[in-house]
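Enquirer: For 57-90, 104-179, 122-177, 214-238, 252-333, 269-331, the entry in Swiss-Prot reads disulfide bond. Residues or ranges marked as domain '6-Cys 1' by Swiss-Prot on the basis of sequence analysis: 53-199. Residues or ranges marked as domain '6-Cys 2' by Swiss-Prot on the basis of sequence analysis: 210-351. What Swiss-Prot lists as N-linked glycosylation site is 89, 97, 111, 156, 160, 254, and the listing cites sequence analysis. The annotation signal peptide is assigned in Swiss-Prot to 1-29.
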């Protein structure tokens, strides 16, 4: 898993560095061109004044995102950098093809623990009143978006949060994820606002009301988002039949009852899965070794030291439109040594 994780980090950092260096080059190249024009050519005073004014404006009004960007769109990532902009905010329209990331400063001694990003800091957006964002933290994010995934880890004294909305959203909704205010800016709440459109599958082509999948958290009613909500003590084996273009999911946690000693295995499912071809001999492998164009949520990079793993034990797999052969994969929900086995029969052709 580490080699895939390392490759994703390298690609992201390289793209960001490339964009920054290119912007810096254009900025100074244009400035240098203006100065050279002044000394090389004999120009009228009006043109001289105009170019000089343009040069001053460049230095004053060009955003200082050359060294530190607040909003970065690179590859399949949208990154809101509130670590370097502790009084700022970002806004983004959700796109399933992009991973949304939020960087927050860690305010030590602000809370009882700074070991993880507090998931209650993400909630339904109810607007701004008197220049303050309306705090709706008591409305837990799962009440608003069952099946949402928040993954966080700490890197360079910064909370690195990845946000994955579910594939079934009953109505247009806006959520916000906030950061703690730094000392001296207590009256200002930095936040990321995410606008999410009503969705019924990736392309609004979902058959039925839920994503195909096994929910060993047994969430039902308004919390249900997968087709099979079951208890591992009653149904230790859950089987799903899936076809090219389908989305499948797994969940291990219950949203209303705290379950002790629960984990998703592999912890990077569906990035890593147990795989077999028509036999019951399974090997652990990256899913892209089996289905090269498959997409999985969350991505492997989001599992790096994730501190919210006990609360968001959910994953999704987008099966490519074409696969070469029938395959069998599985992940498990582990409960203090007992397991719920989620088996996915993925067929190369859809049944008539």
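Start at 1 and count along the chain as shown; that gives each residue its number.
Including glycine, each Cβ sits where the backbone N, Cα and C put it.
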Enquirer: So, by DSSP, how many helix, strand and coil residues make up the domain '6-Cys 2' (210-351)?
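Expert: Secondary-structure breakdown of the domain '6-Cys 2' (210-351): 11 helix, 59 strand, 72 coil.
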Enquirer: Nearest by CA distance to residue 97 (N-linked glycosylation site): which of the recorded positions is it, out of 104, 156, 177?
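Expert: Out of the listed candidates, the nearest Cα belongs to 177.
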Enquirer: Taking every residue in the domain '6-Cys 1' (53-199), what is their average pLDDT?
Expert: 82
Enquirer: Report the member of 179, 214, 269 (the disulfide-bonded residues) whose C-beta atom has the most other C-beta atoms within 10 angstroms.
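Expert: Of the disulfide-bonded residues 179, 214, 269, the highest Cβ count within 10 Å belongs to 214.
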Enquirer: Run through the Cβ atoms and count how many others sit within 10 Å of the one on residue 331 (disulfide bond).
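Expert: Counting Cβ neighbours of residue 331 (disulfide bond) within 10 Å gives 24.
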Enquirer: Determine the Cβ neighbour count for residue 97 (N-linked glycosylation site): the number of other Cβ atoms within 10 Å of its Cβ.
Expert: 7
Enquirer: What's the CA-CA gap between residue 254 (N-linked glycosylation site) and residue 156 (N-linked glycosylation site) in angstrom, rounded?
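Expert: With distance taken Cα to Cα, residue 156 (N-linked glycosylation site) is 32 Å from residue 254 (N-linked glycosylation site).
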Enquirer: Give me the non-local Cβ neighbours of residue 238 (disulfide bond): same chain, 6+ apart in sequence, Cβ-Cβ under 8 Å, ordered along the sequence.
Expert: 214, 216, 228, 230, 340, 341, 342, 343
Enquirer: Name, in the order they occur in the sequence, the residues of the same chain whose CB lies under 8 A from the CB of residue 333 (disulfide bond) and which sit 6 or more residues away.
Expert: 214, 216, 217, 232, 250, 251, 252, 262, 263, 264, 265, 313, 339, 340, 342
Enquirer: What whole-number Å value do you get for the CA-CA distance of residue 156 (N-linked glycosylation site) and residue 177 (disulfide bond)?
Expert: 20
Enquirer: My understanding is the cutoff is Cβ-Cβ under 8 Å with a sequence separation of 6 or more in the same chain; which residues meet that for residue 160 (N-linked glycosylation site)?
Expert: 101, 102, 103, 152, 153, 154
